[in-house]
Amino acid sequence: MFTLAEVASLNDIQPTYRILKPWWDVFMDYLAVVMLMVAIFAGTMQLTKDQVVCLPVLPSPANSKAHTPPGNADITTEVPRMETATHQDQNGQTTTNDVAFGTSAVTPDIPLQATHPHAESTLPNQEAKKEKRDPTGRKTNLDFQQYVFINQMCYHLALPWYSKYFPYLALIHTIILMVSSNFWFKYPKTCSKVEHFVSILGKCFESPWTTKALSETACEDSEENKQRITGAQTLPKHVSTSSDEGSPSASTPMINKTGFKFSAEKPVIEVPSMTILDKKDGEQAKALFEKVRKFRAHVEDSDLIYKLYVVQTLIKTAKFIFILCYTANFVNAISFEHVCKPKVEHLTGYEVFECTHNMAYMLKKLLISYISIICVYGFICLYTLFWLFRIPLKEYSFEKVREESSFSDIPDVKNDFAFLLHMVDQYDQLYSKRFGVFLSEVSENKLREISLNHEWTFEKLRQHVSRNAQDKQELHLFMLSGVPDAVFDLTDLDVLKLELIPEAKIPAKISQMTNLQELHLCHCPAKVEQTAFSFLRDHLRCLHVKFTDVAEIPAWVYLLKNLRELYLIGNLNSENNKMIGLESLRELRHLKILHVKSNLTKVPSNITDVAPHLTKLVIHNDGTKLLVLNSLKKMMNVAELELQNCELERIPHAIFSLSNLQELDLKSNNIRTIEEIISFQHLKRLTCLKLWHNKIVAIPPSITHVKNLESLYFSNNKLESLPTAVFSLQKLRCLDVSYNNISTIPIEIGLLQNLQHLHITGNKVDILPKQLFKCVKLRTLNLGQNCIASLPEKISQLTQLTQLELKGNCLDRLPAQLGQCRMLKKSGLVVEDQLFDTLPLEVKEALNQDVNVPFANGI
């Protein structure tokens with residue numbers, strides 16, 4: 001036999017799951033326990049006390065002799081007297097042998113003493129008293145075993161089946177209801193989600209960050225109220241400062257909120273301070289944010305928990321209706337008296353028996369109690385169904401939490417996640433409020449901000465400040481959760497680089513950085529406060545923005561009216577959005593340099609907004625063919641133009657309209673012919689032409705018309721010779737024809753009296769003409785990776801030479817006349833070590849002498 005505790009364990013759940021048990025589930029659990037007790041009590045009573053006692057229905061007295069077995073009349077008349085006789089036991093107590101229906105008829109062949117053991121002691125007493133009693137009751141002439149047989153037969157035939165099986169049915173129904181109530185806690189696919197949810201919910205509820213976030217919200221509200229009250233008064237109140245020191249306060253939001261703190265002397269405005277969480281608590285809180293984010297993504301995908309709860313509620317309701325329908329019909333069927341016709345007349349001599357059921361009254365009361373309990377249970381099930389279908393439980397809104405707190409970004413959730421939160425609200429709404437804190441990105445960012453400021457102190461940031469190539473103080477922050485507050489205390493910083501900081505916020509404190517003129521935002525769509533924007537608008541001179549999509553460019557970038565240089569690096573023409581473009585640049589009134597590295601198919605028309613004052617335009621197109629360049633015609637004030645990696649095949653005609661153009665760079669295109677170069681004669685200010693890294697095979701003679709050229713770059717092309725027209729450019733100072741197929745240097749090179757830099761590296765030159773050394777102003781002469789066999793002694797005429805490259809040639813020695821190149825030092829001489837060793841000792845010593853030595857001696 002099982003105990004109540006063993007069966008009731010079906011209704012047990014983990015204590016932590018109680019937060020998901022609304023009042024109706026708890027009430028139904030208790031009702032189920034009561035029904036279980038009723039069923040077990042009824043079953044126990046039935047097993048131990050249940051009896052049916054039957055008596056035959058005797059014929060009328062006139063016919064009684066007809067039913068008396070012949071030859072036994074005398075004996076049977078004496079048996080009743082003997083059966084009701086009394087005797088005293090050894091202790092002197094009087095007992096009565098009550099076996100009215102348990103004796104059998106005595107036959108003449110069997111002694112009376114053998115049939116009744118007590119007759120030996122009772123008969124002498126009876127004979128002594130000589131009392132003769134008349135028989136009482138009516139004779140049935142049935143044996144004890146016959147009565148037992150009849151009782152058993154009538155128990156199964158005359159007794160209604162429900163009277164016999166009610167306890168077992170009640171037990172089975174109750175167990176089914178218990179299992180149905182808690183099946184969603186046991187089913188693996190839902191149990192795992194519920195377990196994770198309860199675990200995360202408990203940690204969120206106990207997290208110090210939840211308490212701190214809620215207290216900061218309350219503090220913010222009180223600060224705002226204080227500001228409104230203070231603003232309405234003409235005179236400041238003198239408030240003790242001790243009460244404000246212990247209260248937590250929120251960090252500065254996007255629109256700066258400052259709290260007021262008054263001293264006894266005068267009111268002082270202060271930014272509320274922030275208490276730093278313990279490092280361990282901060283790490284745990286950050287882990288909770290990650291867990292909540294992953295759990296939400298996992299649970300919101302399905303509504304299995306909701307459907308299972310609805311199904312089990314429907315099952316319980318159907319079970320209630322079924323139980324109520326068939327049990328109500330059997331209440332009146334349970335009675336104390338029953339008429340039994342077992343058809344055993346051939347065994348007992350009687351056809352009809354009158355029976356009594358001793359448990360009838362108890363079973364009837366228990367059944368009525370069970371029906372009453374199941375009715376209450378059913379009404380609760382109906383209420384549960386009403387609640388399930390009246391409210392959209394697959395949607396949960398944190399609107400009330402958003403109104404009561406500063407976390408207005410707490411998202412609404414759906415499906416199983418929403419249903420679980422609705423269930424928690426039936427237990428305690430405070431759980432959902434605290435849980436919502438971990439769904440807020442604002443809350444997570446605040447936590448990151450606290451941890452970040454705790455980790456990146458002023459001293460640590462000072463250690464990361466370095467000097468860049470322009471000798472400016474530079475700080476580079478990479479892959480942080482935000483911008484530490486201590487950064488804005490580095491007032492002497494010139495350059496600030498923020499890379500891969502998606503939640504970067506620039507507060508008003510940046511106005512302290514009076515030396516800041518250059519800002520780099522690499523995949524960092526920074527947000528700025530109004531005060532910070534005003535400072536950047538007036539002081540920022542150079543801005544670098546690197547992005548993946550044009551949407552990552554902060555909107556405030558286009559409003560920096562004092563910006564001088566803007567560098568945009570990213571995708572401005574993605575495959576999914578062909579119409580992507582820059583916003584209006586009209587507000588950039590002082591922009592001088594615009595650098596765009598992207599994949600444009602046409603020059604953005606918005607660039608014309610800055611045409612009146614733009615002096616340098618750079619477009620690096622990363623191999624995407626630039627088809628439309630008509631907008632360039634409007635860039636009348638551009639002095640420097642770079643169109644690199646634009647897959648240009650010819651020099652664009654739009655360039656010839658740029659009358660103020662001084663430098664043109666068409667690097668890394670697909671230009672093969674430059675016959676249009678004659679049109680450059682109209683660009684009177686053009687001094688530098690860079691056509692390097694193309695596929696040019698020849699320089700047309702018409703280049704001689706571009707008389708103002710001072711720098712000419714044709715490196716990394718396919719030139720095989722240099723036309724004499726090049727050497728008619730008397731103003732030429734730099735000529736770069738490196739990495740071509742040039743085999744000879746024309747003697748006309750001596751005409752370039754102003755030539756200072758000559759680069760012929762990576763060609764096939766084997767002889768250096770003597771006329772080359774007439775270019776006495778040469779400072780750089782790169783002759784590496786050629787076929788030169790000897791270096792003429794006239795190298796001594798190049799007294800201003802500071803760099804000479806000879807590495808990769810066929811030289812076997814160096815002339816001693818190198819010593820007469822007084823400006824040339826070993827650091828500027830690029831040659832093999834064995835060739836350097838061929839120089840005389842005094843020449844090597846002269847080359848090894850530091851240029852700064854004479855100046856050092858003179859100090």
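Cβ coordinates are placed from backbone N, Cα and C, and glycine is handled just like the others.
Per Swiss-Prot, Ala158 and Val344 occupy the same side of the membrane [matching topological domain names]. Within the set Cys355, Cys375, Cys381, Swiss-Prot assigns Cys355 as the partner of Cys54, by disulphide bond. Recorded stretches compared: 23-48, 310-331, 362-387; the one with the most Cβ pairs under 8 Å to the transmembrane segment (165-183) is 23-48. Its Cβ taken as reference, Cys355 (disulfide bond) is surrounded by 22 other Cβ atoms within 10 Å in the chains shown.
When other Cβ atoms within 10 Å of the Cβ of Cys54 (disulfide bond) are tallied across all protein chains shown, the result is 25. Beyond its flanks by at least six residues, the transmembrane segment (23-48) meets 4, 7-8, 11, 164, 166-168, 170-171, 173-175, 177-178, 181, 316, 359, 362-363, 366, 369-370, 373-374, 376-377, 380-381, 383-384, 387, 426 of its own chain at Cβ-Cβ distances under 8 Å. Taken as a whole, the repeat 'LRR 11' (754-775) shows an average pLDDT of 94 in this prediction.
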